[in-house]
Amino acid sequence: MKFIDEARIEVIAGDGGDGSASMRREKFVPFGGPDGGDGGRGGSVYAIADRNINTLIDYRYAKKHLARNGENGRGSDCYGKGGDDVTLRMPVGTIISDMDTGELIADLTEHDQQVMLAQGGSGGLGNLHFKSSTNRAPRQKTDGKPGERRMLRLELKVLADVGLLGMPNAGKSTFISSVSNARPKIADYPFTTLAPNLGVVRVGPSKSFVIADIPGLIEGAAEGAGLGHQFLRHLQRTGVLLHLVDLAPFDESVDPVAEATAIVGELRKYDEALYEKPRWLVLNKLDMVPEDERKARVADFLERFEWDGPVFEISALTGQGCEALCYAIYDYLAEHSDAHRAAEAEDLAADVRFRDEPPAKGGAAPGDDA
């Protein structure tokens, strides 16, 4: 499955129907008076969150979504029919923003959450509304209002519990395929992963968590180098980060400590909050290290890396240590899930895009650089 995390669409609500300027024409009723009906309202465009959808790929191909116009009013007090609404189903976790103003329209965080993207125009008034004691045969009527038209950006932040960090070829794809149902492309060269992969790890009946594998980072990723920088935002909602390190690189000139340090540096440059997120060190590819050298190599790495957090030694290829790691992750998430949700709510509340301030002139959102 190819994972699409961003799309741009245009939504066009329906125009309201025009009111009717009609007079009652009936035998034996010489002064029938006005009987023009109102126009129907235009259809609106809605988005609804659907947990059964996990990509935005449909919106890469269907970029324009139009609701129906309202029908015009007619004589005999006939009101126009309202235009049909359009409902767009999107993955849970989709963020919808206006491309012209920068306004955050919605953050779809719950299944079946519904939000209006473009409101249909109201219908015009028929001449029936303009009748008065001094104007018994009004010819006035009003036209329907045009519907809203918007260019929207859809961004999907993966709702994963665990995020994988690491240099290209650190074994992240092998790890996620060994512990979950995800089947990413795996090969012995860097940048095998070109798009995020999601996997569900099950540690027992009704006990599971979601893990996300993003493209590997390289030095300079925070400034846009490599592939991983554009997917770092997926990790902002995870509860814990797993930093995978290749402890046995094929190229002997590669220093695992230097690579691990570079990853931490890029994380901090990209987002301080992401840097402060709980992070576990996972030393991978132990099967490539002679058994009598493993203890010394691990100790040397931890000493030079100056790491005092949780450490796990695994081989994603053989599965060694993976089960214990998964159980530890589940226990941690079960213990800290409430705190994680509360922290995420605080982050969303602090987001400038949620404020009630109007956008600055010129289309820039509050907080954007001029």
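Placed from the backbone N, Cα and C atoms, the Cβ positions cover glycine too.
The average pLDDT for the domain 'Obg' (1-159) in the predicted structure is 85. The feature domain 'Obg' is assigned by Swiss-Prot to 1-159, with sequence analysis given as support.
Helix, strand and coil counts under DSSP for the region 'Disordered' (127-146) come to 4 helix, 0 strand, 16 coil. If you look up Swiss-Prot, you'll see 127-146 marked as region 'Disordered'.
Swiss-Prot lists 160-334 with the feature domain 'OBG-type G'.
Marked as GTP binding site by Swiss-Prot: 166-173, 191-195, 213-216, 284-287, 315-317. Counting only same-chain residues at least 6 apart in sequence, those with a Cβ under 8 Å from the Cβ of Ser315 (GTP binding site) are Asn284, Lys285, Leu286, Asp287, Met288, Gly321, Cys322.
The Mg(2+) binding site annotation in Swiss-Prot covers Ser173, Thr193 and is backed by sequence analysis. The secondary structure of Ser173 (Mg(2+) binding site), as reduced to three states from DSSP, is helical.
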Length of the line joining the Cα atoms of Gly166 (GTP binding site) and Ser173 (Mg(2+) binding site), in Å: 11
Winner by Cβ contact number (other Cβ atoms within 10 Å) across the binding-site residues Asn169, Ser173: Ser173
Sparsest Cβ surroundings (other CB atoms within 10 Å) among the binding-site residues Lys172, Lys285: Lys285
